[in-house]
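In TrEMBL this protein carries:
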TRANSMEM  78-99  transmembrane segment
TRANSMEM  111-131  transmembrane segment
TRANSMEM  168-188  transmembrane segment
DOMAIN    172-240  domain 'Sphingomyelin synthase-like'
TRANSMEM  200-217  transmembrane segment
TRANSMEM  223-241  transmembrane segment
Amino acid sequence: MTLYIAREASKLWRKVCMEISVELQLLLEKWKLLLAGLVFQYFHGLAARGVHYLHRPGPTLQDLGFMVLPELGKERGYISESVFTGIFLSFVLWTFHPFIYHSKRFYTVLLWRRVLAFLVASQVLRIITFYSTQLPGPNYHCREGSELARLPRPDSVFEVLLINFPQGVIYGCGDLIFSSHMIFTLVFVRTYQKYGSKRFVKLLAWLLAIIQSLLIIASRKHYTVDVVVAWYTVNLVVFFVDKKLPEMPDRTGGSPPLLPLSVKDKDSRAKEENHKLLNGNSAETADWRQRPQLNGKLVENGNHVHSEATLNGT
């Protein structure tokens, strides 16, 4: 038993090391776009902090969702954040599952490039929208009489740039249309819908997205319009941005790896080709088989011939 566990642990460690080696090579090539997407997350937080200085508390607007859904109250407001945290952490862990499991459908670095592209495009639209019109926040700390509803004039530019993290993010006001929580939730769900493999998990993910929407309204963190606009805006953004990005190579098929893993791997492949030729399986003999079309290029022997744009794309 101990020997079996040691052998399996050794195989798992080799697999993890192999995946790290491949992903690091991709990271060295794509780090600029990844870094730009991560840096924009700070600018998004900075923009949300800035609009808080413009926020003016007032009467809560008439809202259909507030009439239908009972208010959770301050004591149960954490439920919405707990569901969102669960969705966020689950998605992050899933994006790293190729390091351990054999079902390799994507490269983690390339997947996160796509996710950050979706997030940035949605957040740009969100910043433009909530700076266009400031609504009185429905959240408890944004209402009239709360000390956090209005931010005093900053003493220095550093006070703005540091955004009072994390309190400045949690207790923000004015960045309403449309919901940032729904941006992340819908981008994650859409990404798993395309690259995930478990049908049950896909159905559960969409169900959690609906539950998250209702909880955001019930906890009075956003108006119903903030959630509704997020649903159609984010889905449209993901649809159109995804069309513009070159498709990622699917690792579950018979296609060769995006990057060569080792010299030994290339040598073994060359030996297999030589063996086929020596046994009379020439290229002319294989030509009679049907060769499907892929993006205008022929596919030989069931192995995808990726274009330069696909190999270097997200």
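Each Cβ is built from the backbone N, Cα and C atoms, and glycine gets one as well.
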Report summary line: One stretch in 78-99, 111-131, 223-241 has more Cβ pairs under 8 Å to the transmembrane segment (168-188) than the rest, namely 223-241
Query raised in the report: So, do the transmembrane segment (200-217) and the transmembrane segment (111-131) meet, by the test of 3 or more Cβ pairs under 8 Å (sequence gap 6 or more)?
Result: no
Query raised in the report: Hey, which bits of the same chain come close to the transmembrane segment (111-131), Cβ under 8 Å, at least six residues off its ends?
Result: 30, 33-34, 37-38, 40-41, 44, 47-48, 51, 95, 174-178, 180, 183-184, 187-188, 190-191, 195, 229, 233-234, 237-238, 241-242, 245, 248, 314
Query raised in the report: DSSP says what for the domain 'Sphingomyelin synthase-like' (172-240): how many helix, strand, coil residues?
Result: 53 helix, 0 strand, 16 coil
